[in-house]
2 protein chains.
Amino acid sequence: MTMTARPYNFSAGPAALPEEVLQQAAAEMLDWHGSGMSVMEMSHRGREFISIAEAAEADLRELLAVPADFRILFMQGGGLAENAIVPLNLSRGGAADFVVTGAWSQKSAKEAQRYCDAKVAASNAEGGHLSIPAAAGWALRADARYVHLCSNETIHGVEFQTLPDLAALGSTAELVIDCSSHILSRTIDWSRVGLAFAGAQKNIGPAGVTIVIVREDLLGHALAICPSAFDYRLVADNASMYNTPPTYGIYIAGLVFQWIKRQGGVAEMERRAIEKAGLLYGYLDGAGAGFYVNRIDPACRSRMNVPFQLRDESLNADFLKGAQERGLLQLKGHKSVGGMRASIYNAMPLAGVQALVDYLRTFAAARG
Amino acid sequence: MTMTARPYNFSAGPAALPEEVLQQAAAEMLDWHGSGMSVMEMSHRGREFISIAEAAEADLRELLAVPADFRILFMQGGGLAENAIVPLNLSRGGAADFVVTGAWSQKSAKEAQRYCDAKVAASNAEGGHLSIPAAAGWALRADARYVHLCSNETIHGVEFQTLPDLAALGSTAELVIDCSSHILSRTIDWSRVGLAFAGAQKNIGPAGVTIVIVREDLLGHALAICPSAFDYRLVADNASMYNTPPTYGIYIAGLVFQWIKRQGGVAEMERRAIEKAGLLYGYLDGAGAGFYVNRIDPACRSRMNVPFQLRDESLNADFLKGAQERGLLQLKGHKSVGGMRASIYNAMPLAGVQALVDYLRTFAAARG
């Protein structure tokens, strides 16, 4: 099979996948490892698929150094469903505090109000979600069951560089993190976390798989109104097969985990993320600053999602048209923020970011 | 690419897919229609994926002759999640009646009790789920918002050959059908139905996609505790993209819909189903009756899921081993029923059922 160069896809999610993963998936589509079946055709109760699911879980556990007292669940519904599923399982109908740093944490706080006493403990909404409020100023309540934050805001491009130590802040609440858009691009300090969730469609692969990593002792407290399919205790007790799991998505996620391991693991992903983000922000802040702008506080800029604007927004359509012609895809910003957004997840090679910076430079020179 | 003959996969779900569909998916894996992207990598908001989703919906609407006042939703969570999502959306906290004909309708009734006054109106549990109670004897309540039934019981092999006419029974309730395991194998009389749902992983394809077809006027009545991601009104208003949909699964489902259209539509699927089921039941009831047994009332035997037992169950392991060696896969029955089960969905060719009957005959001759 001959292959021409693939374009670079900067979609915020669903997003680019490693070419090696797609090639392997294509090669195995009709016959997985001599089974005579596509992975899509396998019973989730059969030994073939169970081996795939177990390997995916073990590889993810290894990659993120997940401690033995945490369970890894493969679920459905994405981050948006987790906004309900987390309070259904963890709030016990009590208090939960939310740190709002962008659109996603805001949505989470609003949805949780259906199930518990959800309150915003801190927000960066004033000024437009450009920085992270200092943890010392968060209005944490003594009776909060958990504190929710979105550790990387996909739309607003704000990322926590370290997770807060709630105990050091005098809180006994569990920390819940929505890490959908930067999972596997950096390590997670599990000593500070009770539950982490992530929709797979950003930094892992296929939409329709949701990863939940939760400390064992937090299971078993679901509200009576929690649908069985989303009761963490039932999901954990049934090895994520209480209902039929999204089998093909789990298989693809497993291939991505194997690919990350071959690259050198999460440490190597983080090294590359720092390099790629450094290249792009370096240009936007430096030579490109007269033509482009990124307004996020440099202390909390996301390594994964880089929103930026052309100072002359009348050039937006031309910019996007030229990018498309060069094979730089899906750069249009989210409608709520406008401008452009480059999502540079693990699967985006350095060459893709270089090609983007080259184009930014060329376009600015021609139109600036 | 050379291809040896594929085995026949009788899995109850996830289940066999048409080989043509898998070949097309493999060929398009790295570059869908010159887009330079895998379908898995496309933003769900981009024109490429929107065209895929719209075509899938239009093809499904055509295949099932879905009237214009019904909405088609692509959701997540499978039938098990719908057991909660349906009462969350339709019950308004009032009464709902359940006709129990097997494991799935029984689960549905139990789950609904979390959200409404759910009551079993009729059941075939006595005797072991072998026949369908006559509709005239169903204890339907005048104030029931809906009546739920599973129109094909995957585990117990019981299928409604016609849907009840609730109005003719004096009921004003809506009929809700779980048609997961026989959707697209026969027509649906929409004049008798308010809502139909189906997990895709039996007769459509990829696990992780749930199809909901619901009459427009039933939207907008979700309970306050319904998670937004599962509020039919929100899902419908956002063309199934309120949260990120399971994009690749929808693409594969769309390829299956196109395949069915090429074969001649649902009428041809039904003709084949009658032929395949007739061949298998004909043998079990005829020449094979001394060695094998199917205890389901012939009036409601499923065309899709055929549970049967060896009269001498000590031969089960040998039977399954021999089947596997001949490329007849996943024939082991559900643990709650025991024995064997052959699921012969749309993607199973007549030749597969012939091969199964040949093996049944050979095994009986050798061991009978």
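The backbone N, Cα and C atoms fix where each Cβ goes, glycine too.
Here is what TrEMBL records for this protein:
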DOMAIN    A:8-356  domain 'Aminotransferase class V'
BINDING   A:Arg45  L-glutamate binding site
BINDING   A:Trp104, A:Thr154, A:Asp178, A:Gln201, A:Asn243, A:Thr244  pyridoxal 5'-phosphate binding site
MOD_RES   A:Lys202  N6-(pyridoxal phosphate)lysine
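Chain B lies within reach of A:Asn243, taking the recorded positions A:Trp104, A:Lys202, A:Asn243 and requiring a CB-CB distance under 8 A. Neighbour counts were taken at the CB atom with a 10 A radius for the binding-site residues A:Thr154, A:Gln201, A:Asn243, A:Thr244; the maximum falls on A:Gln201. A strand conformation is recorded for A:Asp178 (pyridoxal 5'-phosphate binding site) in the three-state DSSP classification. Along the domain 'Aminotransferase class V' (A:8-356), the predicted structure has mean pLDDT 97. Over all protein chains present, the Cβ of A:Lys202 (N6-(pyridoxal phosphate)lysine) has 29 other Cβ atoms lying within 10 Å.
Counting every protein chain shown, the number of other Cβ atoms lying within 10 Å of the Cβ of A:Arg45 (L-glutamate binding site) is 16. In this entry, A:Trp104, A:Thr154, A:Asp178, A:Gln201, A:Asn243, A:Thr244 make up the residues listed for pyridoxal 5'-phosphate, with the farthest two CA atoms of the set 29 Å from each other. Rounded to a whole number, the distance between the Cα atoms of the residue listed as 'N6-(pyridoxal phosphate)lysine' and A:Trp104 (pyridoxal 5'-phosphate binding site) is 14 Å. A gap of 25 Å separates the Cα atoms of A:Gln201 (pyridoxal 5'-phosphate binding site) and A:Arg45 (L-glutamate binding site).
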